[in-house]
Amino acid sequence: MDSPLHQQRQALRQHMRRLRRSLSESQQFQASQQLAEHAILYSVIEQSQRIALFLSMDGEINTRPLIARLWHLGKSVYLPRIDPTQPTSLLFQRFTPQTNLVKHRLGMFEPEENADEICSFTELDMVIVPLVAFDSTGQRLGMGGGFYDRLLAGWQKTSVFPIGVAHDCQHQENLPIESWDIPLPAVITPNKLWQWPDKEA
Ligand SMILES: Nc1ncnc2c1ncn2[C@@H]1O[C@H](COP(=O)(O)OP(=O)(O)OP(=O)(O)O)[C@@H](O)[C@H]1O
Ligand SMILES: [Mg+2]
């Protein structure tokens, strides 16, 4: 657990989280608007109907402007919830302007439980994932829970397309990688669409 690689990843997480939290309110606002404007023009999003997203925290790029645009385009938006029957897994629940959000014990908001609105991972067209850092090969470093690595393991065998969203400053040339890390085929930032076609299905 406390291997040099683990320590290096932890130090990098701290550094990158501090960096994204240090963006001013107006930088954060502008970045989030720009991200939303670019993302809806991205062909994979245009072609997707069921799109999972996350609600931002800890300086993450604000996904609310993108969610609002997706709703406006008639897309179905889903948010992750920790699966109560299997707390290492995520499940997805429909998110509409009418959905009640409740504060989860880890501090994030999630949709109030409604079994009728659950969608399994493989029924999604696209999952937009959070990240702490990403590199020039599509590798990602998350918050350290392994939730998205477990979720995305074998995604190429499904019809779900994962993409990351992040501030431009979350890019690092090369991340220290573990064997279980799942790289992304695309990352959208306010200023760039990163794509790694060799990681597509
Ligand atoms: N496919 C998997 N099966 C079982 N455990 C896994 C799997 N993928 C990752 N893990 C475990 O999850 C833990 C955290 O992984 P890691 O440090 O890569 O998290 P992360 O990618 O930063 O987090 P997240 O995926 O939640 O954004 C590790 O201890 C790892 O063993
Ligand atoms: Mg990982």
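Count begins at 1; order follows the chain as displayed.
Cβ atoms here come from the backbone N, Cα and C positions, even for glycine.
Please treat TrEMBL annotations as automatic predictions, because they have not gone through curation.
So that you can see what the record holds, here are the features copied from TrEMBL:
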- Arg9, Gln10, Ala11, Leu12, Arg13, Arg140, Leu141, Gly142, Met143, Gly144, Gly145, Gly146, Phe147, Tyr148: ATP binding site (BINDING)
- Leu55, Glu60: substrate binding site (BINDING)
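All features noted in TrEMBL, drawn onto the structure.
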residue: Arg9; record: ATP binding site; Cβ neighbours (10 Å): 20
residue: Ala11; record: ATP binding site; Cβ neighbours (10 Å): 11
residue: Arg13; record: ATP binding site; Cβ neighbours (10 Å): 16
residue: Leu55; record: substrate binding site; Cβ neighbours (10 Å): 18
residue: Glu60; record: substrate binding site; Cβ neighbours (10 Å): 22
residue: Leu141; record: ATP binding site; Cβ neighbours (10 Å): 22
residue: Met143; record: ATP binding site; Cβ neighbours (10 Å): 16
residue: Gly145; record: ATP binding site; Cβ neighbours (10 Å): 12
residue: Phe147; record: ATP binding site; Cβ neighbours (10 Å): 17
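Within the set of binding-site residues Ala11, Arg13, Leu55, Leu141, Met143, Gly145, Leu141, Met143, Gly145 have a CB atom less than 6 Å from some atom of ligand 1.
Rounded to the nearest whole angstrom, the C-alpha distance between Phe147 (ATP binding site) and Leu55 (substrate binding site) is 15.
The Cα atom of Glu60 (substrate binding site) lies nearest to that of Met143, taking the binding-site residues Leu141, Met143, Gly145 as the candidates.
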